[in-house]
Amino acid sequence: MKKQMLCLLLFSFFIASSHAQLKQNFYQNICPNVESIVRSAVTNKFRQTFVTAPGTLRLFFHDCFVRGCDASVFLSNPNAEKDHHDDLSLAGDGFDTVIKAKAALDNNPSCRNKVSCADILALATRDVVALTGGPSYKVELGRRDGRISTKKSVQHKLPHADFNLDQLNTMFASHGLTQTDMIALSGAHTLGFSHCGQFSKRIYSKAGIDRTLNRQYALQLRQMCPVKVDPRIAINMDPTTPQTFDNAYYKNLQQGKGLFSSDQVLFTDARSRPTVNLFASNNNAFNQAFVSAITKLGRVGVLTGNQGEIRRDCSRVN
């Protein structure tokens with residue numbers, strides 16, 4: 001028992017000391033214009049396609065929940081993280097956003113190969129949130145890139161569309177995130193889209209339409225996702241303001257318009273409903289909670305100092 005406690009304490013110390021080395025002005029004397037260079041590249045990409053925003057945001061979440069925020073999701077190999085079934089739907093525009101920002105940094109002699117892909121992804125995530133009307137916030141920097149990426153490491157690490165509240169809380173708590181953090185981060189579903197196959201069981205089952213789903217909304221979904229439709233057909237996660245980062249996601253939940261059951265459960269479960277109601281009625285409360293949660297997310301499993309590397313190519317180990 002004592003040995004287990006000591007291991008837990010050492011693990012906690014390691015995690016705390018790693019993210020304690022992150023700081024907002026990490027590149028001040030290395031690449032002082034890092035934020036403006038990344039922001040410019042992200043803005044240019046965003047103007048080309050809106051998918052830049054949800055694609056980048058989702059990429060950050062998937063990267064951090066598997067092996068920590070170390071850009072391991074970018075690595076290419078015969079057994080790569082990004083080839084796991086749970087990562088196959090990650091939008092190519094998310095990857096391309098970071099690649100273009102990396103190229104812009106490398107065009108600056110003082111920044112070339114000085115900024116990690118993990119930090120570029122963290123900055124790009126903040127920028128796409130702001131570009132879509134969400135809050136801008138300070139980003140802690142100093143992450144190193146990981147050298148390992150495996151399909152196996154993704155298994156059971158990402159939440160699924162049918163998760164209940166206990167499953168969501170357990171998974172998020174394993175990364176030091178609270179229920180409030182989880183509900184705030186779920187609000188990122190105010191952007192982007194999903195595919196018919198992810199929620200088809202809610203609108204087509206022997207028992208009929210999922211009772212927690214707004215019936216009129218369910219009938220609309222059936223029209224957009226008829227039986228035997230291509231499961232890759234995309235449907236907006238937020239049926240009201242799909243291209244604006246706002247609190248409409250929570251208002252939708254109040255009306256039974258959560259696309260996934262893992263979304264709707266945040267309102268149907270009495271333990272999480274008060275937070276949903278708060279965020280639905282107060283956009284500032286949502287924004288503040290989101291900034292706090294995504295900052296904590298950005299500290300998950302980070303590598304600092306000599307623990308990792310700064311990749312010259314985000315897709316390959318140096």
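In case you wondered, yes, glycine gets a Cβ from its N, Cα and C as well.
In TrEMBL, C111 is paired through a disulphide bond with C31, chosen from C31, C64, C69. Disulfide pairing as given by TrEMBL: among C117, C196, C225, C314 connects to C117. Of all the recorded positions listed here (R58, C64, C69, C117, C196), C117 has the Cα closest to the Cα of C31 (disulfide bond). Comparing C69 (disulfide bond) with C225 (disulfide bond), their Cα atoms are 35 Å apart once rounded. When the disulfide-bonded residues C64, C117, C196, C225, C314 are ranked by how far their Cα is from the Cα of R58 (site 'Transition state stabilizer'), C64 comes first. Take the CB of C196 (disulfide bond) and look out to 10 A: across all protein chains shown you find 21 other CB atoms.
Note: C111 (disulfide bond) has non-local neighbours Y27, I30, C31, N33, V34, I37, L105, i.e. same-chain residues 6+ apart with C-beta under 8 A of its own C-beta. For the disulfide-bonded residues shown (C117, C225), fewest C-beta neighbours within 10 angstroms: C225.
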